[in-house]
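Visitor: Have a look at the structure that comes next, please.
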Amino acid sequence: MITHQQALNRLIDGNELFFDEMLDIMRQIMRGDMTPAQIAGILIGLRVKVESVSEIAAAATVMREFATTVPVAERRHLVDTCGTGGDGAHTFNISTTAAFIVAAAGAQVAKHGGRSVSSSSGSADVLEALGVKLALSAENVGRCIDEIGLGFMFAPNHHTAMKYVAPVRRELGVRTIFNILGPLTNPAGAENQLMGVFHPDLVGIQARVLSQLGARHAMVVHGRDGLDEISLSGPTLVAELKNGWIREYELDPAEFGFSLCSAADLAAPTAEDSKARLLAVLDNQPGPARDIVCLNAGAAIYVAGVTDSLAEGIRLAQELLTSGAARQKLGQLVELTHKLAA
């Protein structure tokens with residue numbers, strides 16, 4: 001077993017930790033075997049050296065080991081739409097809104113997320129504002145996914161070992177490897193994923209990590225405007241992982257018939273603003289908010305395996321808004337979470 005001193009010396013010298021070594025270090029952190037100063041040293045050492053695909057994959061593997069898992073019966077179209085956040089754009093909750101459409105399409109959405117860190121409203125904040133109960137057991141979250149095709153996994157409920165890391169991250173106040181681990185540690189083990197990232201360099205990196213972790217079909221995306229979603233203001237960088245192969249390309253929303261807009265057109269300063277935007281989209285009100293949600297929901301429908309192409313996924317997303325089926329999913333989630341939390 002590698003000690004934290006040995007690991008830190010390796011990192012200071014600019015050398016990568018081997019996969020098994022990173023497993024050891026991460027387990028020590030998650031068991032509470034390291035002091036806050038030792039944890040901080042490792043995190044900063046990794047950040048300065050720049051985390052490798054192997055190190056990130058090992059860290060995610062251990063976080064999955066320590067997570068409270070969510071049992072899901074039907075896994076064929078199981079998908080997550082969790083992103084890294086941290087893009088600083090303060091848009092409304094695009095991926096959360098998209099989740100209702102994806103569930104209405106027949107996928108099983110295991111939505112993983114938490115409260116706001118860098119944005120005005122995290123997925124948990126807006127869902128709570130909508131009346132969704134977050135304090136559910138892992139078994140009851142699984143029931144939500146099985147019964148209505150959508151369940152929300154509130155990250156602090158499933159990653160309790162993070163209690164050793166959270167104070168250190170807060171005091172450091174800089175990005176660490178944990179800023180990119182959240183979307184890699186879905187407690188339901190979703191093998192299909194639409195993941196937005198806050199930096200262009202992470203597009204290829206996270207796709208390779210997902211491949212190493214055994215993902216089946218995933219799209220890792222970063223808008224050229226900095227958005228950690230598929231953007232409407234211009235091209236989006238994409239790394240698509242499918243059946244072990246990774247293809248990197250740019251996606252232009254104009255090719256799918258969408259008009260361009262700016263991030264300001266999608267702004268939501270508070271959770272209440274985000275709630276209003278989300279409801280407007282689910283009520284099929286036309287405009288940039290509806291367009292960007294259809295674009296991202298279409299991608300999630302595609303990676304979930306419900307459709308064979310992104311274009312088909314987008315068309316289905318638009319139909320589900322028009323029919324009101326996506327709006328019904330919100331009502332179903334509120335009703336079921338209240339019943340299970342009682």
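Yeah, the Cβs are placed from backbone N, Cα and C, and that goes for glycine too.
Positions annotated as anthranilate 1 binding site by Swiss-Prot: Gly83. Annotation comment: Swiss-Prot describes Gly83, 86-87, Thr91, 93-96, 111-119, Ser123 as 5-phospho-alpha-D-ribose 1-diphosphate binding site. What Swiss-Prot lists as Mg(2+) 1 binding site is Ser95, Glu229. Residues or ranges marked as anthranilate 2 binding site in Swiss-Prot (evidence: sequence analysis): Arg169. What Swiss-Prot records for Asp228, Glu229 is Mg(2+) 2 binding site.
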Visitor: Are there any residues in the same chain, six or more apart in sequence, whose C-beta is under 8 angstroms from the C-beta of Arg169 (anthranilate 2 binding site), and if so which?
Guide: Leu43, Thr176, Phe178
Visitor: Given a separation of at least six residues and a C-beta threshold under 8 Å, show me what packs close to His112 (5-phospho-alpha-D-ribose 1-diphosphate binding site) in the same chain.
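Guide: Sequence-distant Cβ neighbours: Asp80, Cys82, Met153, Ala155, His158, Gly182, Pro183, Thr185, Asn186, Pro187, Ala188.
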Visitor: Closest of the binding-site residues to Asp228 (Mg(2+) 2 binding site), Cα to Cα, picking from Gly83, Thr91, Ser95?
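Guide: Answer for the nearest of the binding-site residues: Gly83.
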Visitor: Under a three-state reduction of DSSP output, how is Glu229 (Mg(2+) 1 binding site) classified: helix, strand, or coil?
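Guide: The three-state answer is coil.
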Visitor: Can you tell me the CA-to-CA distance separating Glu229 (Mg(2+) 1 binding site) and Gly83 (anthranilate 1 binding site), as a whole number of Å?
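Guide: Rounded to a whole number, the Cα-Cα distance is 8 Å.
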Visitor: Non-local Cβ contacts of the residue listed as 'anthranilate 1 binding site' (under 8 Å, 6 or more apart, same chain)?
Guide: Ser95, Pro183, Met195, Gly196, Val197, Asp228, Glu229
Visitor: Work out the three-state DSSP category of the residue listed as 'anthranilate 2 binding site'.
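Guide: The residue in question, the residue listed as 'anthranilate 2 binding site', is helix (DSSP, three-state).
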